[in-house]
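S.K.: Below: one structure in structure tokens.
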Amino acid sequence: MANEPYIVRDISLAGWGRKEIDIAEGEMPGLMALREEYAAKKPLKGARITGSLHMTIQTAVLIETLVDLGAEVRWASCNIFSTQDHAAAAIAEQNIPVFAVKGESLEEYWDYVDRIFDWGKGETANMILDDGGDATMFVLWGAKLEAGVEFPAPQNEEEEIFQKTVRRRVAATPGFLTKTAKAIKGVSEETTTGVHRLYEIAKKGELLFPAINVNDSVTKSKFDNLYGCKESLVDAIRRATDVMLAGKVACVAGFGDVGKGSAASLRNGGARVLVTEVDPICALQAAMEGYEVVTLEEAAPRADIFVTCTGNADIITLDHMRAMKQHAIVCNIGHFDSEIQINSLANMKWTEIKPQVDLVKFPDGKEIIVLAKGRLVNLGCATGHPSFVMSASFTNQVLAQIELFCNTDKYQKDVYMLPKHLDEKVAALHLPKLGVHLSKLTQKQADYIGVPVNGPFKPDHYRY
């Protein structure tokens, strides 16, 4: 498989991709600063990074930063709908192996995950950069299978295809994924769902290499998850449906950082926003922000637009969808497609209006509009978060890769956070672009509150 240098939609799109990448670089000061800081040191020289993260223009800037810092990279998207084909083409044109096409089948998706581990010449990856945990799960389950542990019964079509692909790799190159797992110095994980998977694996004692939780860096979760969703959610809904948000009733399921950004996004568009929550603290936050907190059973017949962002499963059920209004819009901005019971609609009549926009007709004649087949709407129906906020997230990713690759002996087979001083560094790198002038503590002031003059300024437990 390593013989194919790339799989993209159309390599001739590379020129268009390069133009957008050039513009994005101007909006991604953190990554560009790291290129300058580490230009001579090349701290990732010798790193072979298997990357599974949405293949967008912004990710192209991340990939080229990793390469500038000395790494070799093989890349796939972490979602079947999120690739921007011109971005993938631009990366392929730079002779960086990339396997990503917008609108992949599930078979293609898992084949591409397999390919990013296939370095050829007997080599393996020694680092993983992950978003959602699929690449990590691929190598961990491969090693389990090679150790004689059997898969549990698959619960859905995707699990069947995942298991089939891992089995194929194990049969083709016995011992390869065990060898890969032993070579991995660490994984940096981008998103809430992937981090949850890592903590579950670590709790069972089954994590085979160290991991850094990038998602819970303040400059990721409080910016990408919040401000990113605040801009990208309504962009996706409008591009997909041309709906006017003003005056509509929208329901946001979940009021974590993504839910907070999503609710603000819809409110800023003029919608009246309902919120559903299971956590009393988040529910109280939503209520005190002025949102009406209800159950989904109460929201189903009232709302015009539904957005899930819980990271959980079966949030919007078939019964909820049956109770919805004619032409209610249903979408998800959580990482996986488990939040909406899309499989329960399999026997309904589906009419594709345009890519990633489907009209689903119930037996009684009522129709709802499903976006991106329940997968990430902001990347399926639009282009995701703006470059600037992704610069903060991806600067964390690069720092995590450097930390794990260069300081491997500091880490056990567990999940870690980036230290506070690096979190503050990421923020500081983005201030000049916004014209921010930081105040500076005097030594007396620093002593008074018990912090160094140049930080870190907050304890690890501080809630921003």
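These residue numbers are counts, starting from 1, taken along the chain as shown.
Cβ atoms here come from the backbone N, Cα and C positions, even for glycine.
Small disclaimer: the values here were computed from a predicted structure and weren't measured.
So Swiss-Prot has the following annotated:
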- THR56, ASP131, GLU190, LYS220, ASP224: substrate binding site (BINDING)
- 191-193, ASN225, 254-259, GLU277, ASN312, 333-335, ASN378: NAD(+) binding site (BINDING)
S.K.: Quick one: pull the CA-CA distance for HIS335 (NAD(+) binding site) versus GLU190 (substrate binding site), whole Å only.
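M.R.: Cα-Cα, rounded: 11 Å.
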S.K.: Which residues in the same chain, at least 6 apart in sequence, have a Cβ under 8 Å from the Cβ of THR191 (NAD(+) binding site)?
M.R.: ASP131, GLY132, ASN215, HIS335
S.K.: Filter the binding-site residues THR193, GLY254, GLY256, VAL258, GLU277, ILE333 down to those whose C-alpha lies within 10 angstroms of the C-alpha of ASP224 (substrate binding site); answer none if the list is empty.
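M.R.: Checking each Cα against ASP224 (substrate binding site), the hits are VAL258.
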S.K.: With GLU190 (substrate binding site) as the reference Cα, tell me which of the binding-site residues GLY256, VAL258, GLU277 is the closest one.
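M.R.: Checked the binding-site residues GLY256, VAL258, GLU277; minimum Cα distance to GLU190 (substrate binding site) goes to VAL258.
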S.K.: Name the residue among the binding-site residues ASP131, GLU190, ASP224, GLU277 whose Cβ has the smallest number of other Cβ atoms within 10 Å.
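M.R.: Looking at the binding-site residues ASP131, GLU190, ASP224, GLU277, the Cβ with the fewest others within 10 Å is that of GLU277.
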S.K.: Calculate the distance in Å between the alpha carbons (Cα) of GLY254 (NAD(+) binding site) and LYS220 (substrate binding site), and round it to a whole number.
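M.R.: Rounded to a whole number, the Cα-Cα distance is 18 Å.
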S.K.: Helix, strand or coil for ASP131 (substrate binding site)? Use DSSP.
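M.R.: DSSP assigns ASP131 (substrate binding site) to coil.
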S.K.: Taking the residues the record says bind substrate (THR56, ASP131, GLU190, LYS220, ASP224), how far apart in Å are the two Cα atoms that sit farthest from each other?
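M.R.: Taking every pair of listed residues, the largest Cα separation comes to 17 Å.
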